[in-house]
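*Asks:* As listed in TrEMBL for this protein:
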type	residues	note
DOMAIN	A:11-77	domain 'MrpA C-terminal/MbhD'
TRANSMEM	A:6-23	transmembrane segment
TRANSMEM	A:30-47	transmembrane segment
TRANSMEM	A:53-72	transmembrane segment
């Protein structure tokens, strides 16, 4: 019974990670990825590893989405620029 | 290679990997057991050096050399990004246009920026006492500065963030880690050995010998590295344009 | 397993499960709101876990999440502003409901802590979390006009 | 920049420093001298950042 929280969070991590793979559009994928980061941080916390959880929170909640979305924006701008030239 | 052969190759490789993983999993110690041979020794060593957070003791004392490797990886990765994402000869910089931002969002960014920066410094400074440490705090502090991009625009961020200074800070922090290691060598024991400083009172800021110093070096390194990395990404996404547009 | 951990389990299972469903399906406006809600639900759950394990230092995780979670939503609001401007989210009901949940959890955990500096820390986390999520919600529904490219 | 604006900026930074130093006292668990010194410097850095950020944003 004491492990119920671990089971619930593990299931959540499994479901979120599968969703992150299944979603195809990079911007929407970044949204799922940021949820995955937060859920992983909870998993590390319930497994009594708060240091790792804190790393995951720091990186996953704001930094990873920012890097991903900036890359998406650059790629889209380039594609738009190319489209205008042709 | 035809599509069929490729699929077979993937199936065989994946199946073998799955079998190996399952075999390894079956041989693992039981989940949540009471016997932790490594944990017991790590905790004993951490307490002997008056470090309240055993993870910090493992990272910056018992395995400080591994952390040097990790730090080098981050340094090299950021260096690679800086080289790859530089402005090439056929690109030019366009001035970013100011973005209209709703007033509550701007006020929130201006208030949370210093609070998040302070929290990052708190996490770095208390790495040997509570969960956290140089890496976590450094990332929080670096992220906090970018609230200025989110709450205002890129030009505002550029004016309080001279990238050159952060590049110098990154290199200085890496050298500070190495110098602390060499100080241990000169002090009569081994590279990065925690024998130089007094271990202090348990559960205070000055406990743990060199652990807080190494933590601070890592915190500065990570904060500067993330700022430089994001600066390159922002430059590419916002300012740099190809010629002929 | 005590009441605190049970409450955290329920919040995570039901709340974050729903948020995951919201973030995985539907139009973009629903997905960004669900992402914001996941932060707003996990942060109180972390406070409950810290209380359940009687480890006051775990509160730092909730502090970092209360600061950086809304920042993550602001990133999406800022960089997806073009797409969101066509179809802005209107989810004030959900926002205030989840903010109320956060306020209740912070209140109960503070009451269990008793008057001390630790309680003030919990209240600061609560204020940062609720303020951050409301502002992030505001930013999603037209906080950035999405015409510039700065 | 005349004396009046300098004075205003100094007052703003001081106000931020007081608020952030109080926040540091809330965050920490045990209070001792070194903790106070580190907290005062950290609050100083954050107060400088806050003042600079507000000036940059309002100067546009």
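Even glycines carry a Cβ here, placed using N, Cα and C.
Tell me what's around each of these sites.
*Replies:* Long-range neighbours of the transmembrane segment (A:6-23) within the same chain, counting only residues 6 or more positions beyond its ends whose Cβ lies under 8 Å from a Cβ of the stretch, are 29, 32-33, 35-36, 39-40, 42-43, 46-47.
Residues 5-6, 9-10, 12-13, 16-17, 19-20, 23, 53-54, 56-57, 59-61, 64-65, 68-69, 72 of the same chain sit 6 or more residues outside the transmembrane segment (A:30-47) yet have a Cβ under 8 Å from a Cβ within it.
A Cβ distance under 8 Å defines the sequence-distant neighbours of the transmembrane segment (A:53-72), meaning residues of its chain 6+ beyond its ends; these are 26-27, 29-31, 33-34, 36-38, 40-45.
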